[in-house]
Amino acid sequence: MTTYIAVIALFLFVLERLISYKPFVKSKAWYRRAVLLNIITLLTFYFGSLTWEPFFQSIEVSDPLINMSAPVQGLICYVFFNFVFYWWHRLKHSNRYLWRLFHQVHHSPQRIEVLTSNYLHPLDAVSSLIIGAMTCYVLLGFNSLASAWFTLYLGVMGYFLHSNIRAPRWLGFIIQTPQMHRMHHEYNKHRSNYCDI
């Protein structure tokens with residue numbers, strides 16, 4: 001699944017340079033900082049999946065949803081995660097201590113593009129991983145294959161929402177679009193759009 005996410009991220013990275021929705025803001029040393037933080041975030045995700053995911057897998061519970069296919073389980077997990085994450089994300093914005101400790105780094109860039117998706121403080125990345133693992137394994141009782149599909153949906157949406165492209169207007173009636181998420185990142189206006197759906 002990681003390969004699919006990387007290919008889609010690369011596709012969106014190239015696409016936003018070919019048909020940018022907004023001009024890219026010039027920012028000194030942007031690529032150096034963005035690539036460094038993306039590497040740190042991706043390493044956090046990788047090592048997190050090696051450490052606490054096995055713990056959460058060991059306490060997965062039996063559930064009637066367990067008989068569904070892994071892609072469907074992953075989608076269900078993605079929907080449930082968005083509900084839980086909405087409240088966590090909203091709390092990070094409304095509490096100044098949580099804002100500074102977890103989420104301020106993600107909103108610090110002036111540029112909104114694919115690289116902004118993983119422009120995260122390590123604690124922000126860890127909190128998302130724990131919420132995702134608890135949703136998939138503990139709350140829903142799914143296995144690692146369902147978690148892989150969930151990761152695919154979450155990763156693709158993260159890159160899509162932060163891409164500098166214009167999505168079709170009709171898509172905004174189903175899911176959040178990059179144009180809508182861009183408003184969430186505007187300075188002193190990020191009081192809405194706390195989840196993907």
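Note that Cβ sites are derived from N, Cα and C of the backbone, with glycine treated the same way.
Curation plays no part in TrEMBL annotations; they are all automatic predictions.
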Of 30-52, 99-121, which span is tagged transmembrane segment by TrEMBL?
30-52
In terms of Cβ proximity under 8 Å, which residues at least six beyond the ends of the transmembrane segment (30-52) contact it?
105, 109, 111, 115-116, 118-120, 122, 125-126, 129-130, 133
Within the same chain, where does the transmembrane segment (129-161) have neighbours whose Cβ lies under 8 angstroms from its own Cβ atoms, ignoring anything closer than 6 residues to its ends? I mean 6 or more beyond.
1-2, 4-5, 8-9, 12, 44-45, 48-49, 52-53, 56-57, 59-63, 65-66, 70-71, 73-78, 80-81, 84-85, 88, 114, 117-118, 167, 175-178, 181, 196
The domain 'Fatty acid hydroxylase' (75-195), counted residue by residue under DSSP: helix, strand, coil:
85 helix, 0 strand, 36 coil
